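As written in TrEMBL, here are the features:
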type     : residues                       : note
DOMAIN   : 266-357                        : domain 'Transglutaminase-like'
ACT_SITE : CYS274                         : active site
ACT_SITE : HIS331                         : active site
ACT_SITE : ASP354                         : active site
BINDING  : ASN394, ASP396, GLU443, GLU448 : Ca(2+) binding site
Amino acid sequence: ISFPAPLKIERCDLNIQMNHSNHHTEQFGEDRLIVRRGHPFSITLLLSPDSKEFKAAETRLTFIVETGPLPRKDSDTMVSFSLSESTVDSEWSASANNQAGNRISVSINSSPDAPIGIYSLTVAQEMQKTFLGHFILLFNAWCPRDGVFMDSERKRQEYVLAQHGQVYRGTFKRIKGLPWNFGQFDTGILDICLKILDNNPKFVSDADRDCSARKNPIYVTRVLSAMINSNNDRGVLVGEWGDFTGGAHPGSWIGSGDILRKWAESGPVRYGQCWVFAAVACTVSRALGIPCRVVTNFGSAHDTDANLLIENFYDEDGERMSGGDSVWNFHVWVDSWMTRPDMGEEFSGWQTSDPTPQETSEGIFCCGPASVKAIREGELTKKYDVPFIFAEVNADIVDLVRLSNGEFIKFSGSTTSVGRFISTKAVGTDERRDITHHYKYPEGSTEERQVFEKAKHHNKLQQRGEEPGLHLKIKLADNMSIGSNFEVNAILTNNCMKTKTCSFLFIARAVGYNGKQGESCGFASDKVEVPSGEERHLSLKLEYDSYGGVITSDRLIQLSAITIDKQTIDFHKAEKTIVLDEPDIGIKLLGEAKVDQPVTAHLTLLNSLPEPLQNCSFTIEGLGLTDGKPIGLKVGTVGPKEEAKADIEFRPSSAGPSMLLVNFDSNKLKNIKSFINIFVQQ
């Protein structure tokens, strides 16, 4: 086979200046190519003077992009794609035209769902590969198919490109802005941000899986929430709220760049507090292309026991008792913009994450991303850490005095002092913008109290590992052998806040292994009223007289529980398919198995049915045991609860291990199988 001569590629021009202008990455400088996913970038291949002429129809070029230490196609960390007439918006693709003589202009489009990171770019021609260069791929707030897409250019300029901002501190009566230099485009900062990802424990334990997951801004944001603090890893900042010996006072920092460079040089930096953690997280998020804003909550609750209450305990002398919950004058976190396909479109938009190490989440000190819409609506069962952040902005305060007998008496409290004047920098100006209404309904409003009550309800459900709404499940009996009568139960649980009334149906029908529905073999129904937090049971007795005549030899019964509320058009369903246990075949060899010597297999089976079995027979077969042919014996009719018995003789023909297969058949019990392992002596 002869292959056409490959093009002789002398070098590749990555067209950095033009690509950076088109991808809003010009502020990174021109040292290397940095592009945003989902938008095309151009490269120019320069051919040597003695190369053959490029003709698109005759030249096969395959481009290969790879990221991470273990690039794999299955992980989307290695992708190959050939030249086509035009690029494709939804996946990696390339198109080319012969620009002039020995210069070939190639347009490459990355997938809007590609993992972010450092990529290598290679072109393959038949058996020859040519390395073209490296590039960095970022999230793309300008691409409608990217999960971080923002449809406002003013907001993109603010939340992705702005390098300076305001971080608000103080009290709700005296709010003061602190200027901060995010500096995400400073020299070397992007490399440090990528290094943070490569130092996270998930990368260390499974680099392939971690690099593949970097396509998802939800995943990346959660990793950053853990890595900006150093509590479980060698993250960026050490938190300190008392003794600052051996490090910098948190109030001395004015920008993220010094902190990130110190971390890259020598590990965790001392010290940070909430506004420093948040500002550094904002820098890293913007550098990677995730729209991000710094948010300050005045009167921020720290709910340590997850009951949505801040409980202040006092003794009888009015002295505050140590420990328990607290309310900070202010607390600072970040919001990042992204879709939430894991929860539903209605929860997309701003997502709160909190890199300050306060409480653990899934065993590590991180928090979020939690949908701001879920926080506002009290949807505490949604991912991630919504209960903790809801409490930060909406907990009630209760003051309690401990009497000498140990009893606690409530003497004061507030439902309005937590979560005030939630602030962020306004788009395009240095003014403060109040975004409290994004996080909660107006204090004291009917909606706010309703959401709080729903949140308390959801909080209880989450602590039990349950979801809100009506829930159906089917509980099976312990013994469900063919021929027996047994009872199954449908259980309806009301995790709604109000009493529910509905029709409750429980249906059983025969079904084949291929899913084909057979006849009904059981039915029960009831009209039930289920108060909030309670459950109702509906029992269905399955009797052999009902199912015995309709099931197939597969012995399968499908159970369906259904609730119907026609007034609210609310339907729920649970299904389970059960396979009825078959009786066991007893197998016993009467004597040792030896080559060319007869040996008898004693076989028994108990008829579990309440009716006789007719045309009963046993069959045995085994390699080297029965000359490759089955040996059968008819045993006639066997009455209810009686045993079918047979002694079948066979003569092994070869020594060594083998298996004796046994089959029982009858008019009612068909294809019952078992086996024993046998070692045949010489």
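Glycine is treated like the rest: Cβ placed from N, Cα and C.
Sequence features annotated in TrEMBL and their locations in the structure.
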residue	record	contacts (Cβ under 8 Å, 6+ apart)
CYS274	active site	TRP328, PHE330, HIS331, VAL332, TRP333, THR356
ASP354	active site	SER225, ALA278, TRP333, VAL334, CYS367, GLY368, ASP385, ILE389
GLU448	Ca(2+) binding site	ASN394, LYS440, TYR441, PRO442
Indicate the candidate from ASP396, GLU443 with the smallest number of other Cβ atoms within 10 Å of its Cβ, considering only these binding-site residues. GLU443
Test of understanding: give the count of other CB atoms lying within 10 angstroms of the CB of ASN394 (Ca(2+) binding site). 24
Segment confidence, the domain 'Transglutaminase-like' (266-357), expressed as mean pLDDT: 87
